[in-house]
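What Swiss-Prot records for 116-132, 177-187, 278-287 is compositional bias 'Basic and acidic residues'. Here Swiss-Prot flags 220-237, 244-260 as compositional bias 'Basic residues'. For 36-114, the entry in Swiss-Prot reads domain 'RRM', with the evidence type sequence analysis. Annotation source Swiss-Prot lists phosphoserine at Ser9, Ser20, Ser165, Ser175, Ser177, Ser188, Ser190, Ser238, Ser248, Ser271, Ser284, Ser286, citing similarity to another entry. Taken from Swiss-Prot, the feature region 'Disordered' covers 1-34, 116-287.
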Amino acid sequence: MRGRSYTPSPPRGYGRRGRSPSPRGRYGGRSRDLPTSLLVRNLRHDCRQEDLRKSFEQFGPVKDIYLPRDYYTGDPRGFGFVQFMDPADAADAKHHMDGYLLLGRELTVVFAEENRKKPTEMRARERGGGRFRDRRRTPPRYYSRSRSPPPRRGRSRSRSGDYYSPPPRRHHPRSISPREERYDGRRSYSRSPASDGSRGRSLTPVRGKSRSLSPSPRRSISRSPRRSRSPSPKRNRSVSPRRSISRSPRRSRSPRRSRRSYTPEPARSRSQSPHGGQYDEDRSPSQ
């Protein structure tokens, strides 16, 4: 039964055996895909390529060693790349050299993400990296530039905000005062309300506060300007001309028409009846 239970395994193993002829390294996978370059960190700035070559050639032939430097200053960055000919040698060197003391510093050795490239390509990377760094550094510059626009943004927001909201409230009474001057139509009153307008300007925020706090100041504040401003011109204009206009035509029309209508009627009646008698009496003695 055990022999029969293992019969299906050979086809599975056969598929695996079909992959086995491909070259493989010690740590599995194809040797072509395995990394051959190591990234060595925590190097001293005075470390040279010869120092790394002596310590890493113990594990196999070294193809290339590269110590990158800063593109702008030329100072070493404190790490380097060691590339081996065989990926197995690179794996042994990583295993033994990780934590190794070189020139008084403990090294950290890991596989590089990509195999070591030419120095020209690395320089191009450095330039590109510098650009990327500049781009990374530029956001603070943009932020610094954006520090100047915040007043703009603040202004746009402050129009609806609290900091710049009082000026428009102050401007409203200013716009109302000339309107009141227009309605009054008198320049003499336009100057005197200037003081009242200044009081009104001081009172306008109080009105806003009184509206939010209590309804009583509304009545006291709203009635005082209405009594002082509105009735004075209305009484002068409406009462005086109406009385003068209404009384004069009514008196002139009604009594005059009545006198004229009633006076000539008796005159005509008297003149018609006695005219004959008078003329007869006058004629009689004259003749």
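Start at 1 and count along the chain as shown; that gives each residue its number.
Any Cβ shown, glycine's included, is placed from N, Cα and C.
Secondary structure of the domain 'RRM' (36-114), assigned with DSSP and counted as helix (H, G, I), strand (E, B) and coil, comes to 19 helix, 26 strand, 34 coil.
Confidence annotation: the domain 'RRM' (36-114) carries a mean pLDDT of 92 in the model.
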